[in-house]
Amino acid sequence: MPLVSGLDVIQECTARGLVAGAFNTTNIETTMGIVDAIEKVGVPTFIQVAPTNAALSGFEYIYDMVSRRLAETRVPVALHLDHGKSLGAVEDALAADFTSIMIDASEEPYDENVRISSIAREMTPADLALEAELGSIGGKEDDHGPEVELSTDPSQVEGFVTAVRPDMLAVSVGNVHGYSPTAAIDFDLLAQVRAASSVPLVVHGGSGLPPEQLGRLHEFGVVKVNVASDLRNAMIRAFGEAYAANPQEVSLIRVSTQAVAAISDVVERRIRMLNPSAA
Ligand code: 13P
């Protein structure tokens, strides 16, 4: 089916009590691995790319690749801009027909975050989803880290959501991008944020969180969980292992096919961890 709006993914997941995985792609192998897993599990999903990872190809190429691979798929999937750190990135993703947008002005002071995120709201058509971030998530997204790392302040949530009107809110509640040994959800803080938010929540940093924590997020109003490092590492590991086993290896297609299978396996396991009742 054609790409659906992020609003449709949110709506269907909310109605079915599911949490959507949001998996970062960079290339054809990652895209194929993600979609193979989605087809097996049947849970609505976001496929996403941050500007840092679209640097190689551009948003149009990512759109073409993802929409072409999804044409024969029956599971609803939205193409999401991850960590749009500028209004220019939002504009570029919309021009490339992305169906879901993140504005991330979370490193700015509160008022500036509200101002920039509100402009992104105005730019984003009402039938597409907008994610905004309050509190700044630590760790590194690929090799880019935030200058500020700050937990979401529950007392700011209601005002932020009222002012910006996002469709979902990314929160910083102990989650960290990448493989951090200290990543752990503070469920008390998450519960306070949830109580203050009229929109569903997004948890970034899905690779480093323990499975039992991922399996509880649906109880706390979380509708979307981002996973990137795990997929990237699966692909790099497939190539690393092939080279280590045979430095003369030249079958790119064999190793690429192994990488797709490894990525698919990671995605399937993450979707099942997020949705223990659907497993
Ligand atoms: P991980 O790399 O920890 O999975 O986090 C990904 C992410 O949150 C992308 O926005």
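Note that Cβ sites are derived from N, Cα and C of the backbone, with glycine treated the same way.
What TrEMBL lists as active site, proton donor is ASP82.
Packing around HIS177 (Zn(2+) 1 binding site) is summarised by its Cβ count: 24 other Cβ atoms lie within 10 angstroms of its Cβ, all protein chains included. The Zn(2+) 1 binding site annotation in TrEMBL covers HIS83, HIS177, HIS204.
TrEMBL lists ASP104, GLU133 with the feature Zn(2+) 2 binding site. The Cβ neighbour count for GLU133 (Zn(2+) 2 binding site), using a 10 Å radius and every protein chain shown, is 25. Mapped onto three states, the DSSP output places GLU133 (Zn(2+) 2 binding site) in strand.
Under the DSSP three-state reduction, ASP104 (Zn(2+) 2 binding site) is assigned to coil, being neither helix nor strand.
Note: the Cα of HIS204 (Zn(2+) 1 binding site) and the Cα of ASP82 (active site, proton donor) are spaced 10 Å from each other.
HIS83 (Zn(2+) 1 binding site) is surrounded by 27 other CB atoms, counting those within 10 A of its CB over all protein chains shown. Comparing HIS83 (Zn(2+) 1 binding site) with GLU133 (Zn(2+) 2 binding site), their Cα atoms are 9 Å apart once rounded. Each residue contributes its Cα atom, and for GLU133 (Zn(2+) 2 binding site) and HIS177 (Zn(2+) 1 binding site) those atoms are 14 Å apart. Separating the Cα atoms of HIS177 (Zn(2+) 1 binding site) and ASP82 (active site, proton donor) is a whole-number distance of 13 Å.
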